[in-house]
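Visitor: Below is the structure I would like to discuss, written out as structure tokens.
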Amino acid sequence: MDPRFRPYRSVLYIPASKPRALDKARGLPVDAIIFDLEDAVSPEEKTASRGILAEALAQGGYGNRARIVRINGLDTEWGRADAEAVAKMEADAVLLPKVDGPADLDELAEITGDLPIWAMMETPLGMLNAAAIAAHPKLQGMVMGTNDLAKELNARFRADRLPMLTSLGLCLLAAKAHDRVIVDGVYNAYKDEAGLAEECAQGRDMGFDGKTLIHPAQVDGANTAFAPSEAEIDLARRQIAAFDQAKASGQGVAVVDGRIVENLHVETAQKTLAKAEAIAALGG
Ligand SMILES: CC(C)(COP(=O)(O)OP(=O)(O)OC[C@H]1O[C@@H](n2cnc3c(N)ncnc32)[C@H](O)[C@@H]1OP(=O)(O)O)[C@@H](O)C(=O)NCCC(=O)NCCSC(=O)C[C@H](O)C(=O)O
Ligand SMILES: [Mg+2]
């Protein structure tokens, strides 16, 4: 699949220590999987999990889902061995936690070579250096780590995420400036469907490409929230048609549903249709 159009609506964390979950993910309609060697895996299980994961990926069966492996930090006792192992795995990308600046990515790239890198954005320094991190040539995507960030900021969890908005905004600006994928943080209350829907809608409206998830019950909510709706697809088609017609009669502006449509709106409409097509190509 062309990486420029790959959807990242639903990005599910799976602890690499859980073979049952690793297997279940082969049948889940997620756009991407983060195979986790870091926080979801206890110190006692770290080394064995590396082997379990390498075997699961070698076995395959993950179809079109992007396979991203989150390693432990390179300043931990497991990080370097994780990175060396991932470089040999059937993975599409490596995800580095707690990235403070581009030098962290340089250090990882020395081990993982050409493998695309994703960065966990979850430290105060990472927020301040977001633009330089996004500019790193090996960086493909950013993942908000809102749990670690809340801990570092001593911020409280609120439904409106007011304490997070500065950080979310800084990372979004950085990712968009450098044309990187960026996915929102997890919603911890995985049985709260309505709360997840609200947070997905907020992230989508801010410009995130999708949401990271911790449980299969969250997948449908994210897939729905981050896909163009039927109404949006219909509007995009009508905007493109109306603008083409306006252009043919020498006008630079069309009007659809009482709102102006200019070239820039047509670009957005075309992106909406391209995203809908990419989702359909994945099987919906
Ligand atoms: C939260 C959980 C511990 C709940 O687990 P469990 O009690 O086993 O859930 P269920 O019994 O409801 O599970 C039903 C079936 O679904 C499978 N399952 C569960 N979770 C996953 C998953 N993530 N991926 C794939 N499959 C999953 C179970 O195996 C059951 O299958 P079956 O038996 O065949 O029916 C658990 O969901 C979990 O561990 N989730 C992941 C937690 C995690 O990854 N945490 C780390 C990432 S969050 C983070 O670190 C963010 C960031 O760094 C930050 O700072 O914010
Ligand atoms: Mg974290």
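Quick reminder: no glycine exception, Cβ is built from N, Cα and C everywhere.
Annotation source TrEMBL lists substrate binding site at Arg70, Glu122. Under the heading Mg(2+) binding site, TrEMBL lists Glu122, Asp148. The domain 'HpcH/HpaI aldolase/citrate lyase' annotation in TrEMBL covers 9-216.
I would like each feature placed in context: is it buried or exposed, what are its neighbours, and how far apart are things?
Guide: Neighbours of Arg70 (substrate binding site), defined as other CB atoms within 10 A of its CB across all chains, total 25.
Of all the Cβ atoms in the protein chains shown, 24 others lie within 10 Å of the Cβ of Glu122 (substrate binding site). In the three-state DSSP assignment, the secondary structure recorded for Glu122 (substrate binding site) is coil.
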Visitor: Just the binding-site residues from Arg70, Glu122, Asp148 whose C-beta lies under 6 Å from any atom of ligand 2, please, or none if there are none.
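Guide: Going through Arg70, Glu122, Asp148 in sequence order, those close to ligand 2 turn out to be Glu122, Asp148.
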Visitor: Based on a Cβ-to-ligand 1 distance below 6 Å, what subset of the binding-site residues Arg70, Glu122, Asp148 would you report?
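Guide: With ligand 1 as the reference and 6 Å as the Cβ limit, the list reads Glu122, Asp148.
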